[in-house]
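Structure record follows, encoded as structure tokens.
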Amino acid sequence: MSDLSTLHVGGAAPYDVKVGTGLLGELPAMLGAGVQRVAVIHPRALAATGEAIREDLAQQGYDAHGIEIPDGEEAKLAPVASFCWQVLGQTGFTRSDAVVTVGGGSTTDMGGFVAATWLRGVRVVHMPTTLLGMVDAAVGGKTGMNTTEGKNLVGAFHEPAGVLCDLATLETLPRNELVSGLAEVIKCGFIADPLILDLVEQYPEAATTAGTDVLRELIERSLAVKIGVVVDDLKETGGAAGHPGREALNYGHTLGHAIERVERYKFRHGAAVAIGMTFVAELARLAGRLDEATAERHRSILDRVGLPTTYGGGSWGQLHEAMKVDKKTRGDQLRFVVLEGLAKPAVLQGPDPALLTAAFAEISR
Ligand SMILES: NC(=O)c1ccc[n+]([C@@H]2O[C@H](COP(=O)([O-])OP(=O)(O)OC[C@H]3O[C@@H](n4cnc5c(N)ncnc54)[C@H](O)[C@@H]3O)[C@@H](O)[C@H]2O)c1
Ligand SMILES: O=C(O)C(=O)C[C@@H](O)[C@H](O)[C@H](O)COP(=O)(O)O
Ligand SMILES: [Zn+2]
């Protein structure tokens, strides 16, 4: 296949991330030898795609089953995991069988969690169909489910056996979903690869259009950032020499996840992260850690692609409460990933409450 690129994820359980179009033929090799049963987990919106993949596997001799889950965050709830476990139990899924997820980040998070927990771990191949899924959620082994108390509070690290990013799937993705995924791309630009920012600023239209060379380059650059970070610190235990390690990928997520929860998950993840990045850039500026121009660049680049940089929903009190269950929190101390310059992520621990409210005032409308 001429347009195929392969990015390798090293570490104890290495795997490949393939990017191209028409990648279904790559699936059996990623599943590996000895797999008899395959569960294809997909959201309702991708019923036809999920069924086509199931049928293709069945024609190749696999005992293939489709499992339909809800769209969006509704998938990341305990009863959905329970339903998936029930199907795996009823179809006699063993440790040599495999899960395939086909969908966005909510599907890879839930399907990955099911694979991590069934028999304490079976193989999973992710086939992300959103920009966000391709550049972020499908890679690195984080899986997550929401509880009443907050976002992604239950999960496991479970690396996939491989990831297939079929760029053709982005053709049917609504524009607002593509733009949401661009927030994680821009995040990669700020924390590690500023060339991403230059590309988005120079070609905002192509960056938000499926099928363009610019979008493909952004996908591959963001994947390289994500892979580089997770290879060094898979389980988020910390980076080397002052680098926050995997926590860097959480840039903008402390307030972002709180907004998602306060908005009852009606807010797109990327939109919430965009506001969260603008907030934390202001926080770093007010704390004397970040220059004004870089803080301002957050607003201008996010604005340019149609991502929000201000928030007029829940109160600071509600958001502050929701941030306390963030996984970076230690005891009573909130911890934020901040920038000390482009591609210079660091951690700001226990900031003065006055700084937090001042930064919030900067993004409030
Ligand atoms: N595990 C990680 O490392 C990680 C990283 C980033 C985000 N996430 C999680 O990912 C989730 C967000 O993922 P998302 O933005 O991909 O949203 P999503 O998975 O909720 O998908 C968005 C919507 O698009 C539909 N859809 C998916 N692919 C489509 C396609 N090709 N054409 C048409 N419709 C399609 C879905 O059914 C859904 O309704 C959040 O829960 C977030 O916490 C996880
Ligand atoms: O891969 C990571 O690590 C990330 O933090 C990527 C984030 O974009 C993603 O939203 C992740 O699910 C957030 O993780 P959490 O640990 O804050 O739940
Ligand atoms: Zn994210």
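Cβ coordinates are placed from backbone N, Cα and C, and glycine is handled just like the others.
Features reported for this protein in TrEMBL:
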- D71, G72, E73, E74, A75, K76, T129, T130, K142, K151, T169, L170, E171, T172: NAD(+) binding site (BINDING)
- E184, H253, H269: Zn(2+) binding site (BINDING)
- 67-178: domain '3-dehydroquinate synthase N-terminal' (DOMAIN)
- 181-329: domain '3-dehydroquinate synthase C-terminal' (DOMAIN)
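Structural mapping of features recorded in TrEMBL.
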| residue | record | CB count, 10 Å |
| --- | --- | --- |
| D71 | NAD(+) binding site | 16 |
| E73 | NAD(+) binding site | 21 |
| A75 | NAD(+) binding site | 27 |
| T129 | NAD(+) binding site | 28 |
| K142 | NAD(+) binding site | 24 |
| T169 | NAD(+) binding site | 24 |
| E171 | NAD(+) binding site | 9 |
| E184 | Zn(2+) binding site | 28 |
| H253 | Zn(2+) binding site | 27 |
| H269 | Zn(2+) binding site | 28 |
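Under the three-state DSSP scheme, E171 (NAD(+) binding site) falls in the helix class. Taking a Cβ cut-off of under 6 Å from any atom of ligand 1, the binding-site residues A75, T129, T169, E171, H253, H269 reduce to T129, T169, H269.
E171 (NAD(+) binding site) sits 27 Å from H253 (Zn(2+) binding site), counting Cα to Cα.
The CA atom of E184 (Zn(2+) binding site) is located 15 Å away from the CA atom of T129 (NAD(+) binding site).
The secondary structure of K142 (NAD(+) binding site), as reduced to three states from DSSP, is extended strand. In the vicinity of ligand 2, defined as a Cβ distance under 6 Å, the following of the binding-site residues D71, E73, T129, K142, T169, H253 are placed: K142, H253. Following the DSSP three-state reduction, the secondary structure of H253 (Zn(2+) binding site) is helix. Farthest C-alpha pair in the NAD(+)-binding residues D71, G72, E73, E74, A75, K76, T129, T130, K142, K151, T169, L170, E171, T172: 29 Å apart. Taking the mean position of the Cβ atoms of E184, H253, H269 as the Zn(2+) site, the remaining residues of that chain whose Cβ falls within 8 Å of it are L132, D136, A183, K187, G252, G256, G270, A272, V273, G276. Under the three-state DSSP scheme, D71 (NAD(+) binding site) falls in the coil class. According to its DSSP assignment, T129 (NAD(+) binding site) is coil.
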